[in-house]
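Chemist: I have a structure I would like to understand better, so I am pasting it below and will then ask my questions one at a time.
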Amino acid sequence: MKIVIIFFIAMMAVGVYSKDGYLVKKNGCKYDCTPLFGDSNCNGECKAFKASWGSCYWFACYCRGLPDSVPTYPSSKTCSS
């Protein structure tokens, strides 16, 4: 029985950092990148927001393992330059 309880607690902890998506700025626009050179930049940007890693995908930074509080695309805000 203790194992079942520990399993559920562990699953809840993992779920906190399980959000994936395109990182957006405060103005609602995605973080831009260049596919051949942008992976290291995107990885740094995503990790700054507590993601597990990030990469450049379709000319925008895609993050894995973001906290639920970090806004991702599509954002409720529209992109305004």
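Even glycines carry a Cβ here, placed using N, Cα and C.
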Chemist: Of the cysteines Cys61, Cys63, which is paired with Cys42 in the disulfide recorded by Swiss-Prot?
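Modeler: Going by Swiss-Prot, Cys42 is disulfide-bonded to Cys61.
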Chemist: Need one number: mean pLDDT over the domain 'LCN-type CS-alpha/beta' (19-80).
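Modeler: Result for the domain 'LCN-type CS-alpha/beta' (19-80): average pLDDT 90.
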Chemist: Using C-alpha atoms only, work out the spacing between Cys61 (disulfide bond) and Cys29 (disulfide bond) and round it to an integer in Å.
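Modeler: Cα to Cα, Cys61 (disulfide bond) and Cys29 (disulfide bond) are separated by 11 Å.
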Chemist: In which DSSP state, out of helix, strand and coil, do we find Cys61 (disulfide bond)?
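Modeler: Once the DSSP labels are grouped into three classes, Cys61 (disulfide bond) ends up as strand.
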Chemist: Out of Cys42, Cys46, Cys79, point to the one nearest Cys33 (disulfide bond) in space (Cα versus Cα); all of them are disulfide-bonded residues in the record.
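Modeler: The answer is Cys42.
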Chemist: To the nearest whole angstrom, what is the C-alpha distance linking Cys42 (disulfide bond) and Cys56 (disulfide bond)?
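Modeler: Roughly 6 Å, rounded to the nearest whole number.
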